[in-house]
């Protein structure tokens, strides 16, 4: 039921986010549309969206078009099915609202929790630890939200990092469910709060990008990168993994589910390393060029090499190319990064 509620809230939230986007000057206009052509449309819908060289030559002879013109048509046709900047702004505003709210709630809840200050408290009297109503709702809200992200990923644009994001969502849902069933909710709350610490900053950067506040976008992205690397490569391994791998072994021994639980956490850590590398690469390009470069995982294709060069030289990390806009999801590069 909560999953359906999240999906309903997301659709309802558009009525709030859309006026905000319009006031910021964001237009509900999509990428350049391909010129109508029945033959190419039939090939696109029935055969392939990315024809190979042999098929391109055949279409060129059939239509008496230049091969490059046909390639441009297919790029435009693929891009015109992508969501508009307004739609992406509404989605990012919804996620920003959730991530910020759940992070503030988690900090407020954990500030008075003894295991927040001493991780060994996560294992005292385990598994006979009380499940308070506040802890229960914190867990259920997070679990339902990540399930909604899992479902929406299949209706969103398919990106190069689709598989990584799919593994990330599976690991996250598995960890939340597994820790709840095994009453490991204390350490679970630490993991959830730690991951929420940087997500709202990424969404803020996307919002600034869609509104064309490039300096604000770059500032939020750099802040996001610092927080992400500190929390995922610093605090997570030395605080979370330390207590799950070593303190739990010392206090309660190698319980049967110890291997699976820590295996999921280590999987998350591997993803953290991959995403941190991508962030560092983007940040390096920003320092070299004076602004963040174009995201390699952009959901919009340029219509020509010249357009690519123009877009790369004049736009920021989340900037819109001549054919459309980049987008960041889940969850970590300019266009759409881990939406943990």
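All positions are counted from 1 along the displayed chain.
Cβ atoms are placed via backbone N, Cα and C, with glycine included.
Please treat TrEMBL annotations as automatic predictions, because they have not gone through curation.
The model shown is predicted, which means the values in this text are computed figures rather than measured ones.
For the ranges 75-95, 96-116, 285-305, the feature annotated in TrEMBL as transmembrane segment maps to 96-116. The stretch from 96-116, 136-155, 162-181, 260-284 that makes the most Cβ contacts under 8 Å with the transmembrane segment (220-240) is 260-284.
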